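Per TrEMBL, the features are as follows:
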{"type": "TRANSMEM", "residues": "A:7-26", "note": "transmembrane segment"}
{"type": "TRANSMEM", "residues": "A:119-142", "note": "transmembrane segment"}
{"type": "TRANSMEM", "residues": "A:163-181", "note": "transmembrane segment"}
{"type": "TRANSMEM", "residues": "A:208-228", "note": "transmembrane segment"}
{"type": "TRANSMEM", "residues": "A:240-259", "note": "transmembrane segment"}
{"type": "TRANSMEM", "residues": "A:287-316", "note": "transmembrane segment"}
{"type": "TRANSMEM", "residues": "A:355-376", "note": "transmembrane segment"}
{"type": "TRANSMEM", "residues": "A:396-414", "note": "transmembrane segment"}
{"type": "DOMAIN", "residues": "A:440-468", "note": "domain '4Fe-4S ferredoxin-type'"}
{"type": "DOMAIN", "residues": "A:471-500", "note": "domain '4Fe-4S ferredoxin-type'"}
Amino acid sequence: MKHIQNTGLAIFLVGLLTFTSLIFIGKYEVTPEILNNLIDSKGIKSELFIDNMKNNVVGKEFTNPFSLSSKIISSLETANETHKQNSEWDKVIWDKPHSFSYEIAKLSGSGIVKEHKWLFWWLTFGLGILGALMYIIPNVIVKGPPGIKNNRVWFNAATNRGWIGWFVFIFLVGFYLLLYFRPDYIVNWTYIVDPISKNISGNLASQWFLYGFLYCVVMTVMAVRMYIKYRHNKYQILRTTSVLFFQIVFAFLIPEILVRFEKPWYDFKNAFPLDYDFFYSWNLDQLIASGGLGLFILIWGIVLTLVIVPIMVYFFGKRWYCSWVCGCGGLAETLGDPYRQLSDKSLKAWKLERWLVHSVLAFALVMTGFTLYAYFSGADAVLGIKTQTIQDIYGFLIGSIFAGVIGTGFYPIFGNRVWCRFGCPLAAYLGIVQRFKSRFRITTNGGQCISCGNCSTYCEQGIDVRAYAQKGENIVRASCVGCGICSAVCPRGVLKLENGPEKGRINPTEILLGNDVDLMDLVNNK
Amino acid sequence: MEHIVIIGNGISGVTAARHIRKLSDKKITIVSAESDYFFSRTALMYVYMGHLKFEHTQPYENWFWKKNRINLKNGYVENVDTENSTLHFANGDSLHYDKLIIATGSKPNKFGWPGQNLNGVMGMYHKQDLEKLETYAPNNKVCKRAVIVGGGLIGIELAEMLHSRHIPVTFLVRESSFWNGVLPNEESQMINKEIISNGIDLRLSSNLKEIISDKNGKVKSVIIQETGEEIPCNVVGLTAGVSPNIDFLKDSNTRTESGQSIETGRGVKVNRYLETNISNIYAIGDCAEQLDPIGNRRPIEAVWYTGRMMGETIAQTICGNRIEYKPGHWFNSAKFFDIEYQTYGWVWAQPKENEARFYWEHESGKKCIHISYDKNTGEFIGINTFGIRMRHEFFDKMLTEKQSVKYVLEHLADANFDPEFYKLHEKEIVTKFNIENVSNIQLKKKNWKRIFKVN
Ligand SMILES: Cc1cc2nc3c(=O)[nH]c(=O)nc-3n(C[C@H](O)[C@H](O)[C@H](O)COP(=O)(O)OP(=O)(O)OC[C@H]3O[C@@H](n4cnc5c(N)ncnc54)[C@H](O)[C@@H]3O)c2cc1C
Ligand code: SF4
């Protein structure tokens, strides 16, 4: 068994290495046709840019994406600079430089990867999946009979912030930086999923398709791990199946199929304010222009946030969204599960959490207010602040850096719910409802707690569960996503997630059940 | 300001300190020789197994003590001078108290076995035992086999710990079946199977004769009394129960010339108010021995919960509201490898004269319940539940209200505490009871209002 696992690990690493090295292979040549098509489709009016491109880029062969990108961007920037100086505003190219460069690179690449897309799919995704499964599945036997087997978690360099953890951290952060800020470097990655993208949406793959596909693959493989690890626990099995379903069908397939039918890309489960650009003018315009479906989406999006979300939280707690439906939660609960013990449980962290997450919510609401005001009034600035600027800041700081780079990149360092705990504005909103108006709580089983600390340690949200359990007090916390792991790891059966009557949900106690009833009355009911 | 000194920073001492702080402004000092900060002894196993780091076993962050003005003193108390109300420490320090609470816990039993002090022989109680285990049994290269002597809760935990590092374990149990002085035969058999299925070499009805040394004073093997068999091993775990850790008192009793000595038996003798024979000295937790046992309880109760309850109680007395220690209905819990165990009320290993029993076991052989009730009146007496979690509050209420076994079974759905979506067995259980007892109990549907006592 160990043999199979080690072989699996080796195969996985070969896949990963191949995937990483793809960035560096292949050739890029921008033909005159590519340039002409670009000029047409973007309506480029800058002769300066076109000249720059013709002199420096067109017809030349580039052996890596970095030099191509730098030439295109310098062509763009020198042209833009001159136009801005001369106030030739219609000639300025407003696209984000690296996205612009991506579009050119995607068409101009050539070489072995582009010619053998499926082969390279197998050499990267294929080997990765195969190797990972060979590593994961033997655990059915290796880890022993069903039950909680967190053996060696704190001895393992992958899960105790050891060198493997730091290595994974660097890899993930690098990946997100490329994905968000340097898509033109990773066109080779997008080639290998082109055939799949063609089949689903009819288009070539963008970096976002690549990301969506990779996301689904990673979640599926790591869901297999969850199924094995928690095979004795039906709550975990069902929850894992649910997040996987919503990711693959709602976040990945439906939006791509909508695109195939020339409808707007939309993820029906992604609720505002997590879906922060829902009220951006381009989105509203697009929806309104898309007829019946567009209108439906518009209404659905509003109803989802204002009605469905709070009502569901009232009945089931925020877990219905955060650990049964949400895509960010889905990744955290699959890929992130091995890192849950790394979350910070200190009181300081809790304080920081409340400040941060509510600030992000406020930021999202203010930004949306500005956006809507601008949309309906036609002004492009409110109180002297350009809505575009504040959107850009939000998109960069919250949408990319916080949700992506920190949110997922830092899994191996800060645990798997950094974004959900400190950053997600939807979580903040759900949390307020859960804390003040919900039937959900984690019930503490009388006086049975032995203060062992397993629950707190394995709480991904950094809730000090034990602090409540050892007082015989139910856990009612805004940040609880109801993953159910505290209950699973508790060796004394102390914790149960349940939806019951609101009355008595919060039950501070000093003297625990099991002691003198008169003393309990005296102290608890004073 | 009155100075309350507590010897022992375990659950009982710390609970007392916390509650005294809540009730008063007294000066509080907790003394311990084991660790600077309170940690959960019950979680030591998870540190060795790699589930937790030691710091995770500490229920309060380090700033907690200062913030609550609870002084911590690391030191070993060698001597209590009751006349001058002063503690004398091993390092020569001394500390004056106005009131003293002795909460020194337990120590592992050693029954005078030859070789019991060799290197590689250890109990499993203190933090230092864990450190020793880490030295002598870090992996299965250094420790090729370990022998555990004594089949109780700590013994089986030690077996699970060693098993997690793939160290072969021989488990010597004096009784004919695991823990059958406490568990009825059915449950005991179930746990035997669980132990064996985890690859532990379980030896029932086996006593330790002696531990053999190698030439460096380290364990080489053990010899079994009954068969004379010699089992080579590198580590011996002594887990044949615990007894109150009060040798320092016995020493100081004989040594002090002035002052009255503190009355001790196996533990520190206390009355119902947890008071010793000396007016400003109290004892709580594992080390306290009741002069008269309370109800069906033993005079010394070495469990977490009772330590905590005594701490809650003594705080009242210290702060002027003198009350008796009056624990409610008995409950306890444990985990045997993958099988969780909870108990509420009393289910004796052997039924008493007036008791009838009902036993149900799941086909998997990993879940069962065992109910004890009065065969004449039908009153519910207690339940053992294995592999199914049940609500403490439910059974506490049943016992207080002296409900009948029929009533308990009717409302069994309210008792279930397993995570959502788990398979429920109440129907099967009630059906079995009906068939065996020719009764017609109808299972009621789970009812939130009943469960949470809302009207
Ligand atoms: C491995 C293990 C698992 C357990 N699991 C469970 C369980 O699951 N459920 C359950 O109910 N119970 C369990 N117990 C029992 C439970 O831990 C004890 O009943 C409880 O910890 C006793 O608490 P205490 O406060 O009385 O004493 P302790 O926790 O023993 O604390 C006493 C402290 O006083 C210190 N001390 C002693 N003498 C001196 C001195 N002269 N000077 C200074 N300091 C001194 C000791 O070093 C120690 O730190 C377990 C015990 C062990 C060892
Ligand atoms: S895991 Fe269970 S027993 Fe341990 S501290 Fe948490 S609630 Fe208490």
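Note that Cβ sites are derived from N, Cα and C of the backbone, with glycine treated the same way.
Residues 23, 98, 156-157, 207, 211, 339, 400, 404-405, 408-413 of the same chain, all 6+ positions outside the transmembrane segment (A:163-181), place their C-beta atoms under 8 angstroms from a C-beta of that stretch.
DSSP places the residues of the domain '4Fe-4S ferredoxin-type' (A:440-468) in helix, strand and coil in these numbers: 8 helix, 5 strand, 16 coil. Counting residues 6+ beyond its ends, the transmembrane segment (A:208-228) has Cβ neighbours under 8 Å at 125, 128-129, 132-133, 136-137, 139-140, 143, 179, 186, 189-190, 193, 196-197, 201, 236-237, 240-241, 243-244, 247-248, 251-252, 256, 327, 330-331, 333-335, 337 in the same chain. Taken residue by residue, the domain '4Fe-4S ferredoxin-type' (A:471-500) breaks down under DSSP into 5 helix, 6 strand, 19 coil.
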